[in-house]
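Presented below is the structure to which this report refers.
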Amino acid sequence: MSVIALNPKSEAPVNATRETAEARALRETSPGQWFPYAAPQPRARDTRENAFSFRGISRKFGDKTVLDNIDLDVPAGQFIAVIGKSGCGKSTLLRLLTGLDKPTSGTLTVNKGTAGENRTRIMFQEPRLLPWAKIAKNVEVGLTGIAKGAEAREKSLAILNEVGLADRAEEWPSVLSGGQRQRVALARALVAHPYILALDEPLGALDALTRIEMQQLLERIWLQQTFTAVLVTHDVAEAVALADRVIVIDHGRIALDLDIPLERPRRHGSPELARLEGQILDTLFGEKAG
Amino acid sequence: MKSTVQSILRNGTGWLLPALIVLAWEIAARTGLISPNVMAAPSAVAEAFWRLLLSGELVRNIGVSTARALSGFVIGGSIGLIFGLANGLSGLSRNLTDTTLQMVRNIPHLALIPLVILWFGIDEEAKLFLVALGVFFPIYVNTLLGIQSVDPQLVEMGRVYGMSRTTLFFRVILPGALPAIFVGLRYALGIMWLTLIVAETIAASSGLGYMAMQAREFLLIDVVVLSILIYALLGKLADSFARLLERLTLQWHPAFQTA
């Protein structure tokens, strides 16, 4: 895990400059350098109604209980990360939320957005683009039943511009890199302005640098569009860097529900993030790990 | 300039060997190495071509054969496509019909010729029936395979985005099955000519196969060889057409991207 920042590699000469090593690292890695955006503002949709709530939700596959009596309320606009070892049921949680699966027992309430629309979008680990449709057409899939023709085209180009792929609109998915394809998948999920965006380890297959870039992009768009984000991940650093709140699922139950009250943009490897990461890893592996 | 010469050379290399063979063949026939009763010289075949072209016989026979081939293909191909789509999309339909179809598939359709002659005589129906039957199976099998091999992750994605069944079919399932359907199509085109030639050779009163059999009666070897060459040409033409269609509809496929 990225605890490197706890022991700065080089001591900055004290007299030569006022800038400490830590401050320089902050300046150099600040996301603002890559994606300039305004400092975090109060979220627009801050009425704190729940985006969705799980009440006593269980999901069994035969004898195996994957989710065991889960209670979870997620306020609208929150960025929540769900962490767990593989097979802990975190993906099942997401499939229940998006309606791909039904709970064995319990009630699941998904709120509608302000416009009365119920748009829950999911972004998969794989881009799942249609190889026979040009990039813009793939993004228009996100507007199925919502917009058509010139309007759909306009919206898809606008969101492609947002993810930095406006110039690739007329290309086939096969010529894009893995990171670019995942950005197209993000654009497709966002083009209809979802109320809830479920992310099923969408960055898991990307290389480390592309992943950090995608995290910045995701955070920036989330700050702009104020949807509720549910990120399932196995990367603890990613979870604490992006989320307002982290849920750890272990053996089908919520083992930890932790708020991350840090300012945005957050810096990878800061001591506070490292401390929270440690706390989460302790829950996952017991006290031995800490 | 240099590059155009190079490209002509590259495209022409495929034709180099056939040209050499024809040349050697002509020389062998002229020098008496091959007896005229065994094989006609290329020049004699060309002469026969010109003669039959002028008399209108050649055009008429090619027209008759092509019409038979295509109508049989359309009938058998569309039934195969319909069954392939139905069995690929519906488990009920597959359970109901697939076993029967697989049993029929294993009968060589040319073995039915005696039966077909008994049923239809040597009329058009006989040829249409045989061609349709021959074309049906490659199209059916490959369409079914194509639909079953569509990426289930893409289908799930389509459902999540609220695609209706029709949209899902036209936007996800059919394009995904298309490469396999094209394999079936090209296979079927080969079988189409093969079946027609055999059927026309055995029972017909017009068409290319009939022309070849008539020529045999009168020992017109040049016409027999001409018929065989025309078959080769028509087969190649059908295949090129299928490939053109393939290239136009499968532009997205990495195998068809020039860049």
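For all residues, glycine too, the Cβ spot is worked out from N, Cα and C.
All annotation found in TrEMBL is predicted automatically rather than curated by experts.
If you look up TrEMBL, you'll see B:58-239 marked as domain 'ABC transmembrane type-1'.
Residues or ranges marked as transmembrane segment by TrEMBL: B:70-92 (among others).
Summarising the annotation, TrEMBL assigns transmembrane segment to B:104-122 (among others).
Outside the transmembrane segment (B:128-147) by six or more residues, the chain places 68-69, 71-73, 75-77, 79-81, 83-85, 87-89, 94, 98, 101, 105, 109-110, 112-113, 116, 119-120, 173, 176-181, 183-185, 187-188, 191-192, 194-196, 198-199 with a CB less than 8 A from a CB of the stretch. The feature transmembrane segment is assigned by TrEMBL to B:128-147 (among others).
The feature transmembrane segment is assigned by TrEMBL to B:168-185 (among others).
For B:191-211 (among others), the entry in TrEMBL reads transmembrane segment.
What TrEMBL records for B:218-238 (among others) is transmembrane segment. Taking Cβ pairs closer than 8 Å, the transmembrane segment (B:218-238) reaches residues 36-40, 44-45, 47-49, 52, 62, 65-66, 189-190, 192-193, 197, 208-209, 211-212 in its own chain, all 6 or more past its ends.
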For the transmembrane segment (B:104-122), sequence-distant contacts whose Cβ falls under 8 Å of one of its Cβ atoms, 6 or more beyond its ends: 129-130, 133-134, 137, 141, 195, 198-199, 202-205
Same-chain residue ranges lying at least 6 outside the transmembrane segment (B:70-92) that approach it to Cβ under 8 Å: 98, 101, 127-144, 146-148, 169, 173, 177, 181, 184-185, 188-189, 192, 195-196
